[in-house]
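S.K.: Not my notes, these are from TrEMBL:
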| type | residues | note |
| --- | --- | --- |
| ACT_SITE | Cys384 | active site, nucleophile |
| BINDING | Cys261, Ala262, Ala263, Pro264, Gly265, Gly266, Lys267, Asp285, Asp312, Asp331 | S-adenosyl-L-methionine binding site |
| DOMAIN | 172-444 | domain 'SAM-dependent MTase RsmB/NOP-type' |
Amino acid sequence: MKNKKLQGNVRDAAFSILWAVENKQAYSNLLLHQTIESYGIAAKNRGLLTEITYGTLQHQMTLDYYLEPYLKGKIEPWVKTLLRLSLYQIVYLDRIPAHAVVHEAVEIAKRRGHGGVASVVNGVLRSVQRNGVRSFNTISDPYEKISIETSHPIWMIRRWAEQFGLEKTREMALENNKTPLQTVRVNTTRATVEEVIEMLESEELEAVPSKFIPECLIVTNGQPARTATFEKGFITIQDESSMLPAYALQVEPDMTVLDMCAAPGGKTTHIAEKMNNSGTLYALDLHAHKVKLIDETAKRLGHKVIETEVGDGKKSVERFGEEKFDRILVDAPCSGLGVIKRKPDIKYTKKEEDFARLQKIQLELLDQAARLLKEGGILVYSTCTVDAMENRGTAEQFLKEHPEMEKIQAALPAAMGIKHTGFVQVFPQDYGSDGFFIAAFQKTQKTATA
Ligand SMILES: C[S@@+](CC[C@H](N)C(=O)[O-])C[C@H]1O[C@@H](n2cnc3c(N)ncnc32)[C@H](O)[C@@H]1O
């Protein structure tokens, strides 16, 4: 394939992102921002670029199922990528005329390949246009049907169905293909929710309060990250589920708190707000470049209690000593299956063997946290994933290994109406937020080895 990009062209830009995701295992969300810059995509076309890129990734397996009967012989992988993104527009986007999609695809095929490739692309897309796409009704296996219909790998569907049932799995997989809500957290140390709504309105955005979390706003129109309200530190971009750990921690001013896996600092800064900026809040992360992001956000928001550090949570007893903290959050590195809506590439890059490896890391981090915690202190373990082994399995294993720790009910906002027995799995379809897991523990006695 020739590397002949066409500046300013939305489809060519989408193609280059999708090809890099597939070919170089690049992350779509990071690439999207870079590509908007490098291609010089006009502001009015950015929404379309996002829609085509994410939509094609979200529906990739479904698109392949639709394409298969039309592909004769061997086809180069990049041509398949081009066909997927073109078919996505024909099948899923009503407002774009099919002939325009075919024309653009043929132009890209000519520029990046040659006349022969262009004629294959033209032939396939015109045949689909004429004959339509096949239905899922001929797929008799229920797991395979959900897998193809919602474009999730079959192992993931089987695994979820075994853990949560087929119906819940289907609901979750369908939800994962929806556009995520845009939510922001109001910096309550600086302004009230009402004041922030007014500020956003004065910048021509529309925002409504969430039904579940008092400081959460749902932005229904506009880009909050590009506002003065954001720049001046009145809001943080954060998913609603990610606002739960700061509640579960039950922090109070003047406490000593550790956020063990803190970057980029979404939860650290929320905890600082709940501490009303009084006390000490250590924010640790393994990666220096990510710790910088916590510093930047804390500065923007005007938070003074946060002490950032680059360090390995697995060695944090060595660093801080035992029984030092009133509260600890372990927002652990995880498989991320709760954020598929935002990062659809996760569906295709995760492997089933990842869960055991992640569980091992999480248990090591939690083990350190138990030792760092003062008697009577609270530890919250959270992940942005939906997997029973990784979440509940880790929490249960942790309790087995730590008789000094007791499971307690996570203190979550009452409006969420969560009836739980100590561990909370939020599914993406429950509130339209990310899939998320929270477990809270209290230390009932000193660590035996202390
Ligand atoms: C789920 S993210 C944390 C998100 C963060 N709590 C927030 O709300 O913005 C997990 C983080 O754990 C960090 N991490 C991974 N292994 C770690 C370790 N051994 N010690 C400390 N941090 C680690 C990663 O760099 C990553 O930033």
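Note: Cβ is positioned from N, Cα and C throughout, glycine not excepted.
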S.K.: Do you know offhand how many angstrom separate Asp312 (S-adenosyl-L-methionine binding site) and the residue listed as 'active site, nucleophile' by C-alpha?
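M.R.: Asp312 (S-adenosyl-L-methionine binding site) and the residue listed as 'active site, nucleophile' have their Cα atoms 20 Å apart.
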S.K.: How long is the line from the C-alpha of Cys261 (S-adenosyl-L-methionine binding site) to the C-alpha of Cys384 (active site, nucleophile), rounded to the nearest angstrom?
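M.R.: Rounded to a whole number, the Cα-Cα distance is 13 Å.
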S.K.: Calculate the distance in Å between the alpha carbons (Cα) of Gly265 (S-adenosyl-L-methionine binding site) and Cys384 (active site, nucleophile), and round it to a whole number.
M.R.: 15
S.K.: Find, among the recorded positions listed as Cys261, Ala263, Cys384, the one whose Cβ has the highest number of other Cβ atoms within 10 Å in the structure shown.
M.R.: Ala263
S.K.: Over the domain 'SAM-dependent MTase RsmB/NOP-type' (172-444), what does the predicted model average in pLDDT?
M.R.: 96
S.K.: Which number gives the other C-beta atoms within 10 angstroms of the C-beta of Lys267 (S-adenosyl-L-methionine binding site), all protein chains shown included?
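M.R.: Result for Lys267 (S-adenosyl-L-methionine binding site): 23 other Cβ atoms within 10 Å.
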S.K.: Would you mind reading off the Cα separation of the residue listed as 'active site, nucleophile' from Ala263 (S-adenosyl-L-methionine binding site), to the nearest angstrom?
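M.R.: If we compare the Cα positions of the residue listed as 'active site, nucleophile' and Ala263 (S-adenosyl-L-methionine binding site), the gap is 14 Å.
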S.K.: State, in Å as a whole number, the widest CA to CA span among the S-adenosyl-L-methionine-binding residues Cys261, Ala262, Ala263, Pro264, Gly265, Gly266, Lys267, Asp285, Asp312, Asp331 given in the record.
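M.R.: Farthest Cα pair among residues binding S-adenosyl-L-methionine: 19 Å.
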S.K.: In which DSSP state, out of helix, strand and coil, do we find Lys267 (S-adenosyl-L-methionine binding site)?
M.R.: helix
